[in-house]
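Asker: Right, I'll just put the structure down here and ask away after.
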Amino acid sequence: MHFQAFWLCLGLLFISINAEFMDDDVETEDFEENSEEIDVNESELSSEIKYKTPQPIGEVYFAETFDSGRLAGWVLSKAKKDDMDEEISIYDGRWEIEELKENQVPGDRGLVLKSRAKHHAISAVLAKPFIFADKPLIVQYEVNFQDGIDCGGAYIKLLADTDDLILENFYDKTSYIIMFGPDKCGEDYKLHFIFRHKHPKTGVFEEKHAKPPDVDLKKFFTDRKTHLYTLVMNPDDTFEVLVDQTVVNKGSLLEDVVPPIKPPKEIEDPNDKKPEEWDERAKIPDPSAVKPEDWDESEPAQIEDSSVVKPAGWLDDEPKFIPDPNAEKPDDWNEDTDGEWEAPQILNPACRIGCGEWKPPMIDNPKYKGVWRPPLVDNPNYQGIWSPRKIPNPDYFEDDHPFLLTSFSALGLELWSMTSDIYFDNFIICSEKEVADHWAADGWRWKIMIANANKPGVLKQLMAAAEGHPWLWLIYLVTAGVPIALITSFCWPRKVKKKHKDTEYKKTDICIPQTKGVLEQEEKEEKAALEKPMDLEEEKKQNDGEMLEKEEESEPEEKSEEEIEIIEGQEESNQSNKSGSEDEMKEADESTGSGDGPIKSVRKRRVRKD
C-alpha cells in the first residue's frame, strides 16, 4: 500500500507539471498530427539550407513573399484619420523588409512593422478581383510577434472592389469586405473573422462577427514563433479558421455569426406608446395599515454616549498642528513669485492625550424607529411590464447564401500597435486548398523546421516555466525526491530485529492406548538397539567426522587444544544423556506392564543422531 501511494503521488505531480505546458481548453488535434510532420536533426541542419522562394502551383489572386527586398506593388497610405488631432491622425508608421530576428531562413524576408504607437497603413492590388460565386475563398499569411505584443493587431483587410478605391487614401473607414487575423489588447486575445454583409433592401453594409474560437490563443502571441493563419470560406456557406494548419474555429455563415444574417420577422412598433392608466407596480403600500400611536419619528438614529467622560489632560484650547519651529525659509525663496513663506505644519507635542474641542462618541439610539411606512401588499391592479406590440419587419429578407458577398480587389494592413517588429510574410489568396498547402510547405515549413531545431531542452523549458510560476520549483523538488526515496527504500531496506526466545518448550506427545502386542514389539526393538551400541557409535563418529571435515574446509585454521577438549566434553555429555534416556524408557515400560488395568504406554521419543 505504501508503494502504491508513492506511485499515485508521483503520477499526480507529473500531471500537474504537464498542465503548465498543455492547453487544457484545446479540443482540436495538435499540429504535429494534422499537418505534414517534419523531422529535423542536428546533422541535417549542419548542411546548408537550400531555401527557394515559394512559387504557386495553381491559379492565385494574390501572392507575395517579399524575398526580392522591395515593396513593388505596395502603396503607403497618405490619408489622415477623422476626428483626431493632426499630429496623431496621419499614417506615419514605418515599414521595412527584413529577415527574422531569430531562427532566420537564409534568403527569406518579410514585411516588418517598425514603429511603436503610430498608425500604419499599406495595401496592394490583387491580380484580379475575387468574385464570390462557386469557388472557395482561401486567404493565408504568416505572422510573428518578434517582441511579443502589448496592445495591437496583425489582421488584414480585403478591400471592396469599388470605383472610388484609391490605395493612397486607404484608412480606417475604407470599405472592406473581410477582416481576418490576430488582435490583442491587455489580456484579451482575439482571432478576428469579420465580414460585411450588404442588406439587399436597404443597401447598407452590416458587420457580422464569427463566434470566437474555443481554444486558448495566448501562446500564438507570446511564444515568438512564426504562425500560419488560414481562412477558408466555402460556397456551401461554411467556414474554417486554421492556425498552423490546425482548425481552431468552424461553423456556418447562417448560424454561427453575430448578429445573424437574417433579421427578425417581427419588430417592436416604434409608434406604440404605453397607456397612461397602465399599472406596472407589482406591490403597493397597504391602504388599510395605520401608524401605531407610540411610533416616535423624532428620535435620531444615533446619540452621544453619556457613559464616556473626557480624558484627564485633554487640552481644549490647543491646536492639533503647529508650525515647525525648526523650519527655516529657503535662501532662494522669492515672495514675489512664490508667495509668503509658511513653515510646514507638524503634530503638536502637547497633544499627547488630545487637543481641540472634545465630543463624546456616538452610539446607536435604542429608541430610534425612523419614518413609518405602511407594509407592501400585492397590487390588485397589476398589469405586468408593458412592451410595444409586434409588427412585421419592413426590412426583413431571406438570404440563404451569405457566401455571395461583394467582390474585393485589394489587400491592406491598417494597424496601430504599441509593440514594434511585427513580422508578416507569404500572403496568398486562392481557391484551392492544395495550392495554399504547397505554398506553406515551401515557405512556412522552413521557419518551423529551424525553430523546432533551436528549441531549448527540457531543462530550459522547465526553468522558463518556473520564472512565471515560482511555485513550480516546489513541484520539481518533490517530483525529484519521490524517485530517490523509492530507490533508497528498495536498495537499502530497513532491518527488522528478530526477537529470539531463550528457551523453546516442546509439546508433549499425547498418551495413546496401546495393545500388549505392540508393547512387546517395541521391547524387542529396544533390546536389539542395546545389543548393537557399536553400530550407533560408529555412525555417530562418521557423522561427527563429516562435520569436522566441513568445518575444516570452511575454517582452514587449526583448532586450539581448549576447543578440542570442549568438543570431546560435549560428546561425552551427549552419550551420557542418551544412556540415561534409555534407562528411563525401560523403567516406564516395566511400570506400564504391571497392574490389573488396561495396558497404557507413553510414546517414547527417539533421540536424533545429531
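The backbone N, Cα and C atoms fix where each Cβ goes, glycine too.
Heads up, here are the entries from Swiss-Prot:
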type: DISULFID; residues: Cys151-Cys185; note: disulfide bond
type: DISULFID; residues: Cys351-Cys355; note: disulfide bond
type: REGION; residues: 258-338; note: region 'Disordered'
type: REGION; residues: 521-610; note: region 'Disordered'
type: REPEAT; residues: 267-280; note: repeat '1-1'
type: REPEAT; residues: 303-316; note: repeat '1-3'
Asker: Per residue, counting other C-beta atoms within 10 angstroms of the C-beta, which of the disulfide-bonded residues Cys185, Cys351 reaches the highest number?
Answerer: Cys351
Asker: Quick one: among the disulfide-bonded residues Cys151, Cys355, which has the most Cβ atoms sitting within 10 Å of its own Cβ?
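Answerer: Neighbour-count leader: Cys355.
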Asker: Three states by DSSP: which one describes Cys351 (disulfide bond)?
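Answerer: Assignment for Cys351 (disulfide bond) reads coil.
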Asker: What does the DSSP secondary structure composition of the repeat '1-3' (303-316) look like, as residue counts for helix, strand and coil?
Answerer: 0 helix, 3 strand, 11 coil
Asker: Would you mind reading off the Cα separation of Cys151 (disulfide bond) from Cys355 (disulfide bond), to the nearest angstrom?
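Answerer: The separation of the Cα atoms works out to 54 Å.
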Asker: Going by DSSP, is Cys185 (disulfide bond) sitting in a helix, a strand, or coil?
Answerer: strand
Asker: List the Cα distance (Å, whole number) between Cys355 (disulfide bond) and Cys185 (disulfide bond).
Answerer: 54
Asker: Quick one: Cα separation, Cys185 (disulfide bond) versus Cys351 (disulfide bond), in Å?
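Answerer: Checking the Cα atoms of Cys185 (disulfide bond) and Cys351 (disulfide bond) gives a distance of 54 Å.
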Asker: What does DSSP give as the helix, strand and coil breakdown of the repeat '1-1' (267-280)?
Answerer: 0 helix, 2 strand, 12 coil
Asker: Within the repeat '1-1' (267-280), what mean pLDDT does the predicted structure show?
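Answerer: Average per-residue pLDDT within the repeat '1-1' (267-280): 94.
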